[in-house]
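These features come from TrEMBL:
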TRANSMEM  9-29  transmembrane segment
TRANSMEM  95-122  transmembrane segment
TRANSMEM  134-150  transmembrane segment
TRANSMEM  170-189  transmembrane segment
TRANSMEM  201-219  transmembrane segment
TRANSMEM  249-269  transmembrane segment
TRANSMEM  381-398  transmembrane segment
TRANSMEM  418-438  transmembrane segment
TRANSMEM  450-469  transmembrane segment
Amino acid sequence: MTLSNCERVLCCLIWIGGVLYSIYNVFLIRKEFTYLEDTYNDFAEGWLPQMPKKDVADFEWETVMKVFRTTAHYFIIHVVVSEYLRSYYIQLVPYWQSLISIIFLLQTVGLFGLLSILLQSVTFNYISLGKRKLVPWMTTGLWMTVVIYLKSAHCAEYLAKYFHFTEVQGYIVMLSLCWSNLRCLSYCLDDVQEKYKFVHFLSYCLYLPTLFIGPFIQFKDFNENFFGHQSTCLRERFWQLVVDLSRCIFWIFITEMSLHYFYINALAYQPEILQRMSNWALYGYGYCMGQFFHLKYVVFYGLSTSIAKFDHMKTPPLPKCIGRIHLYSDMWKYFDAGLYKFLVTYIYLPTLRTSQLYNKIFSSLLSFGFVYIWHGIEYNILIWTVINYIGICLENICNELVKLAPEVLNSSWRRRGLCILCSPLLAASAVSNFYFFAGSDVGNIFTHRIFQSSLMGNAALIFFLYGCCQLSLEVKHCEQNVYAKKKIS
């Protein structure tokens, strides 16, 4: 499905121009905070005296960055000792990787946090011996209930009072339990208990680089670290590690610098400012929220997979830029490839008995039900999940309609028709993500704005999103062509 060069360039300019102008409008909103009282401690001093104050309102970003800064020596020790043991005493690698993670957790989250995470692993290892596929899922439900309780204010107050548990420690434990839960399920459902010892399972669950920030790595991919063919030399892997970490440091710098000039996270706590913003500024703010979320996980997953690749791991690719993805399915497939692989491998495909559309819709329902529970049963998460599920279903229906399009339509018109159908879905996808990024209040502001805008205002929005769809398709086709050429060569 091709377009003329002129039309392709025009669509790209429409989308890129709209994005740049909307971002400029978001930049101007910074002036609103000049005389606004910092009630929630959302700001810190800039890097330099002459720089604006910095937005520090995103708890996840600030917490994970602080943990990495204060515990970087653990990751260095992990890499050095693991490499030495892999060369001379490979059978000791799982013991070492379990030990260094336990020491890390003991210092970071204390004895209570460590025991909580270890108890989950021990529980799953015990039930895996029963060979029943339903029991691991029931155990997952139990531990997800524990995680949900950990999020509650009552639990946080209790832990702070009796265990001197800080908010940061609680958050790290919660993240570790969530990611470890996926790994425990992978181990149980892959049915590999007879081949490996408990220490292999424990080193997989507690693997330090992916312990609390992900991404998900399937057990069989992880296991190649110990028993797979390792042909890459140390020098080559070391320089790849340097390149990967340098890329992460670059994006950390860009993200931190942008927080001095774009108050993306602080704006989420100022609904009165959001309601006064023009369409250009509000939609630009939504785009900036998405880009910040994207960069955050490029950094998180980049740091963890850089070390994992050095350890011979087969890691999922980093998130693709959201500014060049227009389909719900592609967003799930390419943003968090590890989580997507988990959903497809352990939920979607096992329940997909036929290729009929109704069966696909049912399997998708089960997958999104798990996503909702795993992310936390909160109202804004429910809205995000439901809209995404409906979007996936509508996308499948649209694909069927395009296949039934009259043969008189050439490939160019089929592509235009597909982008016209996808543009409203892209708008709905964006709004659902705003519920996920910033909560119900912010998501409702975007929803009300779309429904209250004039016909011309919404037509302009669809017009620019149409350009995004065309750009996304063009990039996707280019990637497919490059992949095909590599496969041939």
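Each Cβ is built from the backbone N, Cα and C atoms, and glycine gets one as well.
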Could you tell me whether the transmembrane segment (9-29) and the transmembrane segment (450-469) have 3+ CB pairs under 8 A, leaving out pairs under 6 positions apart?
yes
At a C-beta cut-off of under 8 Å, are there same-chain residues at least 6 beyond the transmembrane segment (9-29) that contact it? List them, or none.
3, 261-264, 267, 273, 277-278, 280-281, 283-285, 287-288, 323, 463-464, 466-468, 470-471, 474
Same-chain residues near the transmembrane segment (201-219), Cβ under 8 Å, at least 6 residues beyond its ends:
64, 67, 74-75, 78, 93-95, 97-98, 100-102, 104-105, 117, 120-121, 124-125, 128, 172, 175-176, 179-180, 182-184, 186-187, 190, 192-193, 300-301, 303-305, 307-308, 311, 313-316, 336-339, 341-342, 345
Given a Cβ distance threshold of under 8 angstroms, which distant residues of the chain, six or more beyond its ends, lie next to the transmembrane segment (134-150)?
116, 120, 123-124, 127-128, 156, 170, 173-174, 177-178, 181, 184-185, 188-189, 373-374, 376-377
